[in-house]
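The structure appears below as structure tokens.
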Amino acid sequence: MKVDWAALGTVFGVSLTVVLGLVVLFSAGLRALSAREDARERGASVALPTTAATACLVACVTVVLFGIYLIVAR
Amino acid sequence: MDASLLVIIVVATALAFDFTNGFHDTANSMATSIATGALKPRTAVAFSAVLNLVGALLSVEVAKTISGGIVDDARITPAVVFGGLVGAIVWNLVTWYVGLPSSSSHALFGGLIGATWIASGADAVHFAKVVDKVVVPSIAAPLVAGIVALLATFLTYRLTRRTRESVSHKGFKAGQVASAALMSLAHGTNDAQKTMGIITLTLITAGMLQPGAAPPMWVVLSAAVAIALGTYLGGWRITHTLGKGLTTIEAPQGFAAQTSAATVIMASSHLGFALSTTHVASGGIMGSGLGRQRDGVRWGVAGRMALAWLLTLPAAGIVGALAGRVASTGTVGVVVVAAVAVAVSLGIWLLSRREPVRPEHVVDEIAAQAETHKVAV
């Protein structure tokens, strides 16, 4: 009876890293969007928060697409 | 009975099983998106169906696990596979009717193992492989999903505590749709595979494919289409309940739970672990319940699910063993098994029509795990 603990460990490690990464990126994106609204109300420049939000959300999409690519590419 | 006729019967039965699987499960992943009004019901269901189709085409690792190794394909016949399949379907329908949370995947494995065991002896079942690829992952994956979802939910709420109401409302609606899409995709990569595996196994036992062969293209395509159709047609039931704007989870929580479950399922699919997508999704929801508040889990429900889980493999195994035994006696046996299966299905369908669709039929075991929220649309 041989259980492939390494493979199970991989599932755990990969899932944890990917999900926490996604959650942090997504939340950061929302915070940046929120900061953008604040900046707009103050009449300040929205360039920085807009860039940050876009970067975070694009990174989210990239992570997901890369994951799917890894599954398909095998 | 003519071998090719029997193969056709098994393939048709397997596709029917696949259809019910889509009908049953996939609605769950789109529930919150519909309730929050992020997607129109019709759009959501069609979207989910397409993603299931795509997911089913992405990977065949799980299909290979089933067709190449959990039972000795040299020692069973298509009739045995048929028996196992009937065992799974009957057990599934009965548990669905009485409202017992059970996993179609485990019913399938139970039926197949039971039928093989009785027809060809215990050593025709590769128990080591069953433990490695099915039993251990099916215990581990919901736990993993739970732990990941707990941390993810905690982080999500923590990090977005100070964002504006309007931003997080809109943002999480979108996040929900994305994570539900991932969940549908993941469902296709694991659940449609089980049907492909069964059909491939049948073709191998009938001598139409080499042992160890990968599923042929038509098998992959037909299984993918069957689950997508099931998803699409099953969707009307969710719109029924969700019209009221009720959902079982808050949007940020759903985002975290579904992202976790989908990731765990896809990573497992990639390694050929056949697991119950329902159990993983429940694990994710329980974890996210705990991540949001300390008493966010209904342990009683969790206990009942664990019990049903323990019961499913042996119970479907017994039904599968009986059906496999009868089916392998010859043409009459196959006809008898088929007739009983049709009679049971019809009976349950008629019984279920006597009462209207209840919410617990719709969002079944996952709903039981989370409290209901009124959604501000």
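From the backbone N, Cα and C atoms, a Cβ is placed for every residue, glycine too.
Here TrEMBL flags B:44-64, B:76-98, B:104-122, B:134-157, B:217-236, B:301-324, B:330-351 as transmembrane segment.
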The transmembrane segment (B:76-98) in contact with the transmembrane segment (B:330-351), cutoff 8 A, at least 3 CB pairs, sep 6+: yes
Selected stretch (most C-beta pairs under 8 A with the transmembrane segment (B:301-324)) from B:44-64, B:104-122, B:330-351: B:104-122
Distal contacts, the transmembrane segment (B:330-351) - CB-CB under 8 A, six or more residues away: 1, 6, 9, 13, 79, 82-83, 86, 89-90, 93-94, 96-97, 323
